[in-house]
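Participant: This structure is in structure tokens; I'll ask about it shortly.
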Amino acid sequence: MHYYRYSNAEVSCWYKYLLFSYNIVFWLAGVAFLAAGLWAWSEKGVLSDLTKVTGLHGLDPVVLVLVVGIVMFTLGFAGCVGALRENICLLKFFCGTIVFIFLLELAVAVLAVLFQDWVRDRVKEFFENNIKSYRDDIDLQNLIDSLQKINHCCGAQGPDDWDFNIYFNCSSESKSREKCGVPFSCCIPDPAQKVVNTQCGYDVRKKSKSQWDDQIFIKGCILALEAWLPRNIYIVAGVFIAISLLQIFGIFLARTLISDIEAVKAGNAF
């Protein structure tokens, strides 16, 4: 007579399919980001000439969308397949990457608080570089315009920062019609106008600075963002906490499933 030893360890279907559902959202979001990024690049002709990306000195927002899409797609795929196939390697990759991202976010938040002056200088430098490339990329242009309109600001530290752009520079060599002006997004909107006047910033900086505040925003966007943060600290903290909890939940599900799989394999080894 033969006696068989059965292990009581088993993989929880609850955790398995909950982790799968958690990751399918990541995967679908990654697909959406990738599709949007590739479509935007195809509209700008970048897919046929990648030098358009390397030739841009500022930020191409589409690159950020694609990077986020690739990360979400990869993590979602690894988590989904790892959960369904009970693959420990994929699950550890998913869990380790989420832990790394979580620690990176935490480190950035701490460093941003401890080294505010350094962060301010880097943001200023970043903004000025993007001002230089304002007319070189339509997505970058729309991003800067949206930032200036929403925050009622102009330039990094003020309207004179638009001298960094060759089209808005006040130098005598410039032949641009926008010379010594600012983008329309710097203009104070007129409630009576239903159509946006894209030429409202022309020649503004040829006037005395005392006259600027009648026509354009004179506060720099760095100062505007610094003023915005304390007013919305609870919203920012709430978003950060929500994202952190989602990441911790994913880590918990992955670690629990890995432990179940390892326990089953250990039981079957006897």
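Cβ coordinates come from backbone N, Cα and C, glycine included.
If you look up TrEMBL, you'll see Cys153-Cys186, Cys154-Cys170 marked as disulfide bond. Per TrEMBL, transmembrane segment is recorded for 20-42, 62-84, 91-115, 233-254.
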Participant: Given a Cβ distance threshold of under 8 angstroms, which distant residues of the chain, six or more beyond its ends, lie next to the transmembrane segment (233-254)?
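Facilitator: Result: 15, 18-19, 22-23, 79, 82, 91-92, 94-95, 98-99, 101-102, 105, 109.
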Participant: State the residues, same chain only, that lie 6 or more residues beyond the ends of the transmembrane segment (62-84) and have a CB under 8 A from a CB inside it; answer 'none' if no residue qualifies.
Facilitator: 16-17, 19-20, 22-38, 40-41, 44, 46, 53, 90-91, 93-94, 97-98, 139, 250, 254, 257
Participant: Give me the Cα-Cα distance between Cys154 (disulfide bond) and Cys186 (disulfide bond), rounded to a whole Å.
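Facilitator: Approximately 5 Å lies between the Cα of Cys154 (disulfide bond) and that of Cys186 (disulfide bond).
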Participant: What's the CA to CA span in angstrom from Cys170 (disulfide bond) over to Cys153 (disulfide bond)?
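Facilitator: Their Cα atoms are separated by 20 Å.
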Participant: Using a Cβ cut-off under 8 Å and a sequence separation of 6 or more, which residues in the same chain sit near Cys153 (disulfide bond)?
Facilitator: Leu147, Cys186, Phe217, Lys219, Gly220, Cys221, Leu223, Ala224
Participant: Specify the count of other C-beta atoms within 10 Å of the C-beta of Cys170 (disulfide bond).
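Facilitator: The answer is 13.
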